[in-house]
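Reading through the structure tokens given below for one structure.
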Amino acid sequence: MEVTAVATQGGYGSSDWVTSYLLMFSDGGRNWKQYRREESIWGFPGNTNADSVVHYRLQPPFEARFLRFLPLTWNPKGRIGMRIEVYGCAYRSEMVHFDGKSSLLYTFNQKSMNPTKEVISLKFKTRENNGILLHREGPNGKHITLELVKGKLILFLNSGDANLPSPDALMLGSLLDDQHWHSVLIELLDTDVNFTVDTHTHHFRAKGESSYVDTDYKISFGGIPRHRKSVAFPHKNFHGCFENLCYNGVDIIDLSKKHKPQVLIMGNVSFSCSHPQTVPMTFLSSRSYLALPGTSGEDRVSAIFQFRTWNRAGLLLTSQFQHRSGAFILVLNDGKLKLSLSQPGHPVRDITAGAGLNDGQWHSVSLSAKGNHLSVMVDGEAASMAHSLHGQIDSGNTYYLGGCPDNSSDPGCASPLDGFQGCLRLISIGDKAVDPISIQQGALGSYRDLQIDTCGLTDRCLPSYCEHGGECSQSWDTFSCNCAHTGYTGATCHSSLYEQSCEAHRHRGNSSGLYYIDSDGSGPLGPSLVYCNMTDTAWTSVQHNGSHLVSVKSSNGESPHPVFFKYTASMDQLQAIIDYVDHCQQKLTFHCKKSRLSTPHDGTPVSWWVGRTNETHTYWGGSLPDAQKCTCGLEGNCIDSQYYCNCDADRNEWTSNTVVLSHKKHLPVTQVVMRDTGRPPSEVAYTLGPLLCSGDNSFWNSASFNTETSYLHFPTFRGELSADVSFFFKTTAFSGVFVENLGITDFIRLELRAPEEVTFSFDVGNGPCEVTVQSPTPFNDNRWHHVRAERNVKEASLQVDQLPRETQTALADGHTRLQLNSQLFVGGTASRQRGFLGCIRSLRLNGLALDLEERATMTPGVEPGCPGHCSSYGHLCRNGGRCREKHRGIECDCTFSAYDGPFCENEISAYFGAGSSVIYDFQHYNDTFSKNSSSFVALFHEDLTLTGEMATLSFRTTGMPSLLLYVSSFYEEYLSVILAPNGSLQIRYKLNRHREPDVFNFGFKNLADGQLHQVKINREAAVVFVEVNQNARRQVILSSGTEFNAVKSLTLGTILGPPGADRDTLRAGARGFTGCLSAVRFGPAAPLKAALRPGGSARVTVRGHVAAASGCAEGAGPGAPAREATRPLAGRSGSTDEGEPLVNANRSDSAVIGGVIAVVIFILLCITAIAVRIYQQRWLYEKNESNIPKTGDNAETALKSELNMQSTVDESQKEDFF
């Protein structure tokens, strides 16, 4: 009968009732199977009293002749008591038995055949793990075959398409050779296939266009007829029973029994299923064992059995010989069978046989020992040891299978391996077969934790809970997932390893480069490789295979073949990327010669492009999708005003258009078609750029919750087997619920339970479960914190920020499905209590982003957006950069930093040639001023007095002495940083013109070694802190003063005769600096940045050859050549002659003339006053010249020689004094 429901009740008028039980069924009474309510739920809850009836509807129902109820627990104050009622209906059954050599060949009426649909249904049972169930052929190698392979059903589909390399194979089911009935349903609808085995269904669509229905009008069941067997299917026929075999509603077994001509019976076929059933037994735990009596006194040992298991190791069989003359032990170790023989006075000898025996299949084992020969055979392959036995052996009294009793003294029971967990059958000891029913009745042997007449082995990898292609492996009581090379992690490979966008990478502080992004997170789409260009915004660049110039020119009057563009991401991945960004664009540059985009008389397009959805578009960059215009047509600047595109002018010369396609719903471009190339000399060439997208409308999508009773609601969260929730939050509240979704009894909730505590709680039917992360610092600090919670069938986990991830293992063999039915509440609960006060951002559930801002615009008490990102992301602005708030995110203001880039971390470096310098003026003054120097100094004294300053720089040079930095004042006070003649670092402060300078010699080592060095100076009044290379630190005290008065200018490189400077500074200044300087900063001033970047606000003067470098650190390793990618400063904005300020480099001609006149007037007024000073400086210059190379080029050449410089540096200019 077909059993559809069961009901139980306690004993009448007693305290006897069963509180839980197992339900088992069988069709023969010797091989039983447990019924599972869910994938992992075995037991049924029973009664709570003697009178009430507990009714369960069985989904799905099953067919059986025998039922067995096994009480597990009962009322502790009573005994087992059950009244049982079974509900069901009559079941009609037509059966046929195949002996492994027989088959049925059915030929159906061609007229009655449905040309578009076929349905095949049947039930089968067998104890063989291989065999062909059905086969059907067609022309060109087309075939459909259903085959049992190692206990799994595989449906092979070959459409006959020669372009497809191999047939499609759909696999379902496992352990189907268990001698129980299994149902199969195959539905073929053209190229669509529905394949169902028991309760599991696989939906499949064929790759080719050929229909699977279009095959031969004959189909064979139970095997392939001999005259039709091919090399592709050499496997054996099916051995077992079919039940209710139907093809398109036709009962094939009924036709066979009536010997209808449509069915040809080949071989020995019987219409009953009465073949003998084997009785298996299950070893339930590692403490299970079966003790069987041996044939003591015999001079040989013999044991035969079959086993199946998922465990890699376990004790299978052991026995001690008579008179303690030795013992053998047979174990499963690392999936291999190992037989060990021990005899007193002799070393232990081992035999290993088989491999991969923990695959869940039945494996036969035969063990024999006689005379001096010992052998073991596994699945027909033998392994033996000759002359391994010493002396006469006598079979022992007891054989232990699967394990040993606790008090056993058998030497084999001392094995460190656990007991066997799995199934055994067909056991023979000596030459006598063991009857499991006798064991069950207590007439033979003894056992513990053994379940007889059933094999309780289950395939925990069917269905596989490993996601995203993770590989499932299992043991008796659990499974695990190997996530290697999937791009995902976690117990079930659910969580993506990668960020969801370039914007997320940017706000982790990552620089530009190639990254994997996973736009749908834990969704079905895999990660894709893109280039993230980190500017003020993050640009996502997706490349394709056609970035080169494509030339289109017809030959022999034939239309040219279109070019298809294949991207590094699939179309589904591209759509996910585009859906989550604010803007996308793609640049198309095409050159045309005598080739038009549309015909001149009616405007019919002859060229177009194809977008993501395979739609044809005839508009070009910048225009609306409905307009057939190019950008020049919209702007009115085409070369011929009669046309809207340059190519439509149809000129016999090359013209070009560069267009930007930015309607993101149509992007990316997958094909460009240029048809007007048939008229000589028509020709077209075009280049398609990568897909560029910017912004992330989910990463910054946020909402502010202003009252405890406010919340946002969304549709019910669907995460039955796997659920992950991730978001950012910030708050000042002490507690509040972030997310909640309820079911009848199930629920899921994330909340801030206390200022230092975030809790993830849920219930899937096994009782409430909680995972909590505690922080040493409060979470309610009004900073963004990231939360990620995940729940799957293996475990639940919660991680907040970078705190340790907390996990909790799921209940073994418990409920697994999370069943919710209410709305999803965000920022509150259904009861309007314990609501959240603060901001929630970037909320994603199973990778799907929720639009909080859109929902917040229509919800009272909730506002879209949330300000205050700098408190959390301000640390990304490095090297003195200042964080600026944006509506979505932050930007770093690098104005007062010596670096630039999105996060002020790109160092600004310059190569200084011999005699070159950069002068940064702190004073902004007119070119004409009073000749009275005292009034000039007094004018600026108050504004530029410093009680402390910070200076930083990095350098690389081989020149010594060298002037690294010189800061002067109008009062002849100064700061100089030099390398002494021995290469050591010296810092000199003179803060009083009437006193000698403070000189500090940092003799760490020779710093003129061609390596990169960093110097940091921080002065606070008279205390100076100096740090070299981030580890050598010193503190010194100034004696010359505490204030730096009237700061005038900062000089990098050569400076001649600074007034009031000491002799060593003069000498280093005359020598200057040859090498690379970077990251130079004095207080808020960044002289290299002002010199090398446009828009610098300070007055900067560049003398000699100063070239921008890609970075001083490049090639700085030992023995590595220096390879600065230099760019002469003069190439940036016109000429920069010696002494010309950069701020004047781009002025108009009139401004230049006015400047020249001002300089002439200045010279005439001052020439007399400075004549004496000039002669003094010339004398000092000539004296210093005698101590250094005569030309600046020699120093430059020396540096290049030591560092293997490859860039060419122009000859530096030389000043003359008059």
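Each Cβ is built from the backbone N, Cα and C atoms, and glycine gets one as well.
Note: TrEMBL links CYS866 through a disulfide bond to CYS839 (candidates: CYS769, CYS839, CYS894, CYS904). Segment annotation: TrEMBL labels region 'Disordered' over residues 1113-1143 (candidates 28-58, 803-833, 1113-1143). Outside the domain 'EGF-like' (867-905), and at least 6 residues removed from its termini, the chain residues within Cβ reach (under 8 Å) are 503, 506-507, 509, 511, 534-536, 695, 699-700, 730, 782-784, 839, 952, 1078-1081, 1084, 1086, 1088-1089, 1093.
Looking only at the domain 'F5/8 type C' (1-89), the predicted model's pLDDT averages out at 92.
With DSSP states grouped into helix (H, G, I), strand (E, B) and coil, the domain 'F5/8 type C' (1-89) comes out at 0 helix, 48 strand, 41 coil. Note: the domain 'EGF-like' (457-494) comprises 0 helix, 10 strand, 28 coil (DSSP; helix = H, G, I, strand = E, B). In sequence order, SER702, ALA703, SER704, LYS730, CYS839, ARG841 make up the list of same-chain residues 6 or more apart from CYS866 (disulfide bond) whose Cβ falls under 8 Å from its Cβ. A contact between the domain 'Laminin G' (95-273) and the domain 'EGF-like' (457-494) is present, since 3 or more of their C-beta pairs, 6 or more residues apart, lie under 8 Å. Proximity of distant same-chain residues to the domain 'EGF-like' (457-494), defined by a Cβ-Cβ separation under 8 Å and at least 6 residues beyond the stretch ends, is recorded for 39, 173-175, 200, 282, 308-312, 360, 421-423, 516, 518, 522, 524, 526-527, 721-722, 724, 790, 792-795, 797, 812. A simple way to gauge crowding: the CB of CYS839 (disulfide bond) has 22 other CB atoms within 10 angstroms, across all the protein chains here.
Taken through DSSP, the domain 'EGF-like' (867-905) splits into 7 helix, 12 strand, 20 coil.
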